[in-house]
Structure formats: structure tokens, C-alpha cells
Amino acid sequence: MSLTDILSSSDIAAALRDCQAPDSFSPKKFFQISGMSKKSSSQLKEIFRILDNDQSGFIEEDELKYFLQRFEGGARVLTTSETKTFLAAADHDGDGKIGAEGIVVNDEQ
């Protein structure tokens with residue numbers, strides 16, 4: 001399964017266009033534009049599984065910087081600041097990694 005089986009390619013493209021400039025990435029806004037904020041819990045778990053590059057059950061900081069590239073290979077890498085901010089917002093237990101429950105796509109983030 002790929003991300004475009006769950007999210008529309010046009011929504012993904014729009015979300016990537018919105019954060020092309022360095023330090024312009026906002027997880028909440030990206031989730032809204034890409035359509036992730038409208039997906040069910042099971043669909044979000046599948047998206048997480050696809051984004052978890054090494055299939056460890058977690059997304060660590062070194063994977064997170066390539067978050068946008070998981071949506072489109074030519075997308076930019078997140079800046080160090082964006083990566084750390086994203087990780088801090090989603091790492092609820094402070095272990096330096098995000099579990100499936102850490103991808104909050106509603107107004108809580």
C-alpha cells in the first residue's frame with residue numbers, strides 16, 4: 001500500500017507546495033492540507049506504518065527529517081529546527097521517537 005492509496009495525490013502535492021520554503025513546515029497545517037486530518041484511526045495507523053521507514057514501530061529523529069520525502073521523493077528535507085519542533089510536539093513520553101499515537105492530526109497539535 002502507498003500513501004496515494006489513502007491520500008489524494010493532489011492533496012499531497014498541495015501540502016508539499018505549502019511548505020517548500022525552509023522553516024515553513026507546520027505539522028498541523030500539513031496534516032490538514034494533505035487530508036490526513038480527515039482520516040480514520042485505522043487509516044492513520046496505515047499512514048504511520050508507511051512513514052516508519054525502518055518498520056521499527058517508531059519514527060525517530062533521523063527518519064523524521066525525511067518526512068516530506070516519504071510523500072514525494074523530490075521533496076525537501078526538514079530543517080533541524082523543523083525536525084526538533086515536530087519531534088517535541090509528537091514525542092509524548094520524551095523518549096526521542098514518535099509512536100503511532102504521536103501523530104496527532106487534529107487541533108491538539
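Note that Cβ sites are derived from N, Cα and C of the backbone, with glycine treated the same way.
What TrEMBL records for ASP52, ASP54, SER56, PHE58, GLU63 is Ca(2+) 1 binding site. Feature annotation from TrEMBL assigns Ca(2+) 2 binding site to ASP91, ASP93, ASP95, LYS97. Under the heading domain 'EF-hand', TrEMBL lists 39-74.
Packing against the domain 'EF-hand' (39-74) from elsewhere in the chain are residues 1-3, 6-7, 12-13, 15-16, 19, 25, 80, 83-84, 86-87, 96-100, 102-103, 105: each is 6 or more residues past its ends and has a CB under 8 Å from a CB in it. For ASP95 (Ca(2+) 2 binding site), the Cβ neighbour count at a 10 Å cut-off comes to 10, with all displayed protein chains included. Candidate binding-site residues: ASP52, GLU63, ASP91, ASP93. Fewest other C-beta atoms within 10 angstroms, ASP93. Note: the CA-CA distance between LYS97 (Ca(2+) 2 binding site) and PHE58 (Ca(2+) 1 binding site) rounds to 6 Å.
A separation of roughly 17 Å, to the nearest angstrom, links the Cα atoms of ASP54 (Ca(2+) 1 binding site) and ASP95 (Ca(2+) 2 binding site). Take the Cα of ASP95 (Ca(2+) 2 binding site) and measure to each of the binding-site residues ASP52, SER56, PHE58, GLU63: the nearest one is PHE58. Just so you know, the Cβ of LYS97 (Ca(2+) 2 binding site) picks up 20 other Cβ atoms within 10 Å once every protein chain is counted. Ranking the binding-site residues ASP52, PHE58, GLU63 by the distance of their Cα atoms from the Cα of ASP93 (Ca(2+) 2 binding site) places PHE58 first.
Across the residues of the domain 'EF-hand' (39-74), the predicted structure has a mean pLDDT of 93. Note on SER56 (Ca(2+) 1 binding site): other Cβ atoms within 10 Å of its Cβ, all shown chains, come to 10.
Sequence-distant contacts of PHE58 (Ca(2+) 1 binding site), defined by Cβ-Cβ distance under 8 angstroms and a gap of at least six in the same chain, are ASP52, LYS97, ILE98, GLY99.
In this structure the alpha carbons, written CA, of GLU63 (Ca(2+) 1 binding site) and ASP91 (Ca(2+) 2 binding site) are 14 Å apart.
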